[in-house]
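Chemist: Okay, these came from TrEMBL:
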{"type": "COMPBIAS", "residues": "42-56", "note": "compositional bias 'Polar residues'"}
{"type": "COMPBIAS", "residues": "475-492", "note": "compositional bias 'Polar residues'"}
{"type": "REGION", "residues": "36-57", "note": "region 'Disordered'"}
{"type": "REGION", "residues": "467-498", "note": "region 'Disordered'"}
{"type": "TRANSMEM", "residues": "79-101", "note": "transmembrane segment"}
{"type": "TRANSMEM", "residues": "113-132", "note": "transmembrane segment"}
{"type": "TRANSMEM", "residues": "144-164", "note": "transmembrane segment"}
{"type": "TRANSMEM", "residues": "234-251", "note": "transmembrane segment"}
{"type": "TRANSMEM", "residues": "263-282", "note": "transmembrane segment"}
{"type": "TRANSMEM", "residues": "334-353", "note": "transmembrane segment"}
{"type": "TRANSMEM", "residues": "365-382", "note": "transmembrane segment"}
{"type": "TRANSMEM", "residues": "402-419", "note": "transmembrane segment"}
{"type": "TRANSMEM", "residues": "431-452", "note": "transmembrane segment"}
């Protein structure tokens, strides 16, 4: 819940006549046993379906409140928080006037084309930073997240442009960005000699281990630390981590750099880098969930130490929500969690396949910029997905950042399919195919048992139990004359007639 969300007219933000929110009153009534959902409205009395719906809504509301932290804010709205739409428009106009009237236009067509594209993107970013819709995050500043929203739109448009080119033109267009691109590059094979201790090399018998200690080792740790902050769930992070290693095993016949030693897969990646990153991320999540969120204006803090501490906390979240995915609670959430895991794995694979089909070396700055991009937009997208799943009453549509991230992931995959279909269509080894079919079969079987067969069995057992517990003398619903006894006993009927 952000600062803007706290001011919306939701149930948790409305105040009753007693000065308490409905969520607070509901919590107190349930704790004292005085709340009866069936009596919450005249139209709900005697309707079991509506009563169950009210009870479920009450449980969902209390569950949502338990995952959110309490925020205290003095409401300070200084110059720092304003949009400055007029100021940005004035500066932008001055820059355009200078370029038009005072600057001489170069005669280089290529340079002018590049500069025109960059200027168009900057104007769009200026519009988005001041006018775009705010997302769920407000720290360090809402304009920061509006900026990344506009970058997401620009990146998706760039991917669409690349998708509509021929394979040759698309690869040569990368030279327009960097003249060093547009040439095929050999992929590095991480497999080969997998001996940790190589007795044949007298000078350095551990050379295989040192060769694997490249820049990707800290990248693995930092990446999974940030992913844990995005997903906020230990078991989902571990599943994605292990599943990606299985994907590398399955696709090493397509990309050579997926071929790694077994100890590189499971010891260095999963046990050391990934697990350590997830552990540190979970510790950070625990600190953020326990941290008091009490915000005060910078100039109202008397001490310099307090001002410095307030500036540092500006780069922490405004509030905190613990993600409780509960995948086995219902079929909708189970399918949603499966979809999140699938999109995460697809985005990870796109990182390797994109640089393979577009001929970009792993150390190129464009690859690094893409990772920085997903670091900034992934957290917002995951929060919007969780809100859409957990509170559909107030989040009736998927968030804008989540929508764009999903579109970008699909577009990147389509570029890979178009630019190198031969690599994608290489036949998967039969043993790998059997393993994947077995995994899919187990997931489908568990889904059918958990959400269909198990529920039908439980309902049947409940019906049989009620039939066995029903008294023998109350089985008839009609009297001697065949008339219904639902309105009372026969004595009361005679009294009403008299």
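Placed from the backbone N, Cα and C atoms, the Cβ positions cover glycine too.
Tell me what's around each of these sites.
Modeler: Within the same chain, residues 121, 124-125, 127-130, 132-135, 137-138, 170, 173, 358, 373, 376-377, 380, 400-401, 404-405, 407-408, 411-412, 414-415, 418 sit at least 6 positions outside the transmembrane segment (144-164) and bring their C-beta atoms closer than 8 Å to a C-beta of that stretch.
Sequence-distant contacts of the transmembrane segment (402-419) (same chain, six or more residues past either end, CB-CB distance under 8 Å): 149, 152-153, 155-156, 159-160, 162-163, 167, 170-171, 343, 346-347, 349-350, 353-354, 356-358, 374, 377-378, 380-382, 384-385, 388.
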Chemist: Looking only at the recorded stretches 79-101, 263-282, 334-353, which one has the largest tally of CB-CB distances under 8 Å to the transmembrane segment (234-251)?
Modeler: 263-282
Chemist: Residue list, the transmembrane segment (79-101) vs rest of chain: Cβ under 8 Å, 6 or more residues beyond ends.
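Modeler: Contacts of the transmembrane segment (79-101) (Cβ under 8 Å, skipping residues fewer than 6 from its ends): 119, 123, 126, 129-131, 141-143.
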